[in-house]
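Peer 1: This is the structure I want to talk about, given as structure tokens.
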Ligand code: NDP
């Protein structure tokens, strides 16, 4: 029997998720339908779309811009949140909490939220054989994406992390908030500074700003170096990666993270593990 999945967003026409999940289904021999689901940008519409989907027999849903925080509040009041979703303050994966359903909780109250974005990034970096254990990492940005990646990075055993942001106060507040919310995140392990002040040599520098959407350039110090540069953005030439490529670093854009987070959502829903390296090769060929 066909199992049904959706990705909810606004806009949504550009989403690559149906293509990625259809490939995962082919890899695992599953019969699935995965559709893009447009939703008006308000919490009531999101609730109506999600409830209609799960009452209609849907198995799982992805959530993308601008609904990740709305999905967080929705799940917090219903079927609960994973540890990664709690720290991220955002949900990208919806599924039914079977333990609650078994207790007789109504389906609408059993919708559970996870966040696979950060672990998707970590899995992508590891799949390229970049060791994260003991790595000195710098992250540029202090928005929603950084909330999602910081716990999985720390859990993977990195040594230190510096968070640099255009607005330094937002980086400071983020570190205070995250270290209060999680016993794994130690404030002492995280430095903060402005983007222009970020200097020195790092194993990995991650651009987690949304600057790639504009023509602006990050004010990167001449004394800033890394072995590996990662930009969470993908799908266009990225000046951040070009800058470090010219200095001899290896680079990746965020397409691998997109596939990595999708693979983890697929695994949560179906129990099937995805060979992400093979899936990435197949997607690049298609
Ligand atoms: P937010 O809007 O929450 O945060 C934006 C961040 O970018 C802030 O730190 C902001 O700094 C900084 N910024 C924006 N414009 C500039 C600029 N002109 N100069 C310097 N800094 C700037 O965005 P998100 O955290 O949600 O997303 C960040 C990026 O991550 C996006 O490009 C998104 O597409 C990507 N992403 C990729 C994923 C993937 O699967 N590959 C998954 C999730 C996100 P300030 O605080 O000073 O305003």
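In case you wondered, yes, glycine gets a Cβ from its N, Cα and C as well.
What TrEMBL lists as active site, proton acceptor is 68. Per TrEMBL, the feature shikimate binding site maps to 15, 16, 17, 64, 92, 117, 234, 261. Taken from TrEMBL, the feature NADP(+) binding site covers 141, 142, 143, 144, 145, 165, 166, 167, 168, 169, 170, 232, 254. According to TrEMBL, the feature domain 'Shikimate dehydrogenase substrate binding N-terminal' maps to 7-94. Residues annotated as domain 'Quinate/shikimate 5-dehydrogenase/glutamyl-tRNA reductase' in TrEMBL: 132-210. Positions annotated as domain 'SDH C-terminal' by TrEMBL: 254-277.
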Peer 1: According to DSSP, how is the domain 'SDH C-terminal' (254-277) divided among helix, strand and coil residues?
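Peer 2: Per DSSP, the residues of the domain 'SDH C-terminal' (254-277) fall into 18 helix, 0 strand, 6 coil.
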Peer 1: Among the binding-site residues 15, 92, 141, 166, 170, point out the residue whose Cβ has the most other Cβ atoms within 10 Å, with all shown protein chains included in the count.
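Peer 2: That would be 92, with the most Cβ atoms nearby.
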Peer 1: Among 15, 17, 92, 141, 143, please name the binding-site residues whose Cβ is nearer than 6 Å to ligand 1.
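Peer 2: Going through 15, 17, 92, 141, 143 in sequence order, those close to ligand 1 turn out to be 141, 143.
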Peer 1: Can you tell me the CA-to-CA distance separating residue 117 (shikimate binding site) and residue 145 (NADP(+) binding site), as a whole number of Å?
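Peer 2: Cα-Cα, rounded: 8 Å.
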Peer 1: Mind looking up the mean pLDDT for the domain 'Quinate/shikimate 5-dehydrogenase/glutamyl-tRNA reductase' (132-210) in the predicted model?
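Peer 2: Here the predicted model's pLDDT, averaged over the domain 'Quinate/shikimate 5-dehydrogenase/glutamyl-tRNA reductase' (132-210), is 95.
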Peer 1: Rounded to an integer, what is the Cα-Cα distance in Å between residue 170 (NADP(+) binding site) and residue 64 (shikimate binding site)?
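Peer 2: Cα of residue 170 (NADP(+) binding site) to Cα of residue 64 (shikimate binding site) measures 23 Å after rounding.
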